[in-house]
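J.: One structure, as structure tokens, below. Some questions next.
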């Protein structure tokens, strides 16, 4: 594994879907803030698998770039 490889790159290769807590950590938010954003329709794209919310890491990165994290 290369030293300059990021956590996001490793996640894309293994399982690119993060749960709410992992997604919040990736974005530098609390999981409660991310949950409120999801309920208000302001957060990154979320995919629901049954009752579980998952975020694709590419969607998180795109949302962060496009919204400046706001």
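Every residue, even glycine, has its Cβ placed from backbone N, Cα and C.
Annotations in TrEMBL come from automatic prediction, not curation.
Among the features that TrEMBL reports, domain 'Helix-turn-helix' is placed at 17-63.
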J.: Per DSSP, what is the residue count of the domain 'Helix-turn-helix' (17-63) in each of helix, strand and coil?
T.: 25 helix, 10 strand, 12 coil
J.: How does the model score the domain 'Helix-turn-helix' (17-63) in terms of mean pLDDT?
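T.: PLDDT averaged over the stretch: 94.
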